[in-house]
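Okay, structure first, notes after.
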């Protein structure tokens, strides 16, 4: 009888472990259509450098942005969808600005203010901040709950800023993320 209880306990433990592993696999890989965006670190003087990809996937909760990036500065970085499908530099006030051809934060609903990704009266292109670890990698996915379909973001670009994002226009405009650091065109 003791052997039977032990076998039963082991069987239940195995089933539970398999269920947890299966749930983890589903959490780690959102189901649904996806596109992969090539991302480059912006350097107008010496040429852009590949730093990895961001995979955008449809989920029941919104679009999931899963970075697979390396070679970036550690810390939190502003992460946005920009208006134009370009990462080219453009001149402003006599200076060549990295990624300026991408335009501004994507704002198709005319909110005209920076905010949180779930905030209805903010730019649609406002995403959660991107976390870069001490080794220069970024792999933690972020969710954009107001964006539902890949077709919404095609024909725009992804922008990563040198600084963090306070999801407000105060004290600095557009979250205070500073210079455009890396970019990828969403095709």
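Here the Cβ of each residue, glycine as well, is placed from N, Cα and C on the backbone.
Among the features that Swiss-Prot reports, signal peptide is placed at 1-23.
Sequence annotations record features per position, and here Swiss-Prot assigns Cu cation binding site to 80, 105, 161 based on similarity to another entry. Residue 105 (Cu cation binding site) falls within a strand when secondary structure is assigned with DSSP. A 10 Å cutoff on Cβ-Cβ distances gives residue 105 (Cu cation binding site) a total of 23 other Cβ atoms nearby, all chains included.
Look at Swiss-Prot and you will find 82 tagged as site 'Ancestral copper-binding site'. In sequence order, 99, 102, 103, 104, 105, 106, 125, 156, 157, 158, 159, 183 are the residues of the chain that are 6 or more apart from residue 82 (site 'Ancestral copper-binding site') and have a CB within less than 8 Å of its CB.
Per Swiss-Prot, disulfide bond is recorded for 87-183, and the stated evidence type is similarity to another entry. Residue 183 (disulfide bond) is surrounded by 25 other CB atoms, counting those within 10 A of its CB over all protein chains shown.
As annotated by Swiss-Prot, Zn(2+) binding site applies to 105, 114, 123, 126, with the evidence given as similarity to another entry. In this structure, residue 126 (Zn(2+) binding site) is part of a beta strand by DSSP.
Counting other Cβ atoms within 10 Å of each Cβ, the lowest count among the binding-site residues 80, 114, 123, 161 belongs to 161.
With respect to Cβ neighbours within 10 Å, the recorded positions 87, 126 differ, and 87 shows the lowest count. In the three-state DSSP reading, residue 114 (Zn(2+) binding site) counts as coil. Within 10 Å of residue 126 (Zn(2+) binding site), as judged by C-alpha distances, the recorded positions found are 80; the full candidate list was 80, 87, 161.
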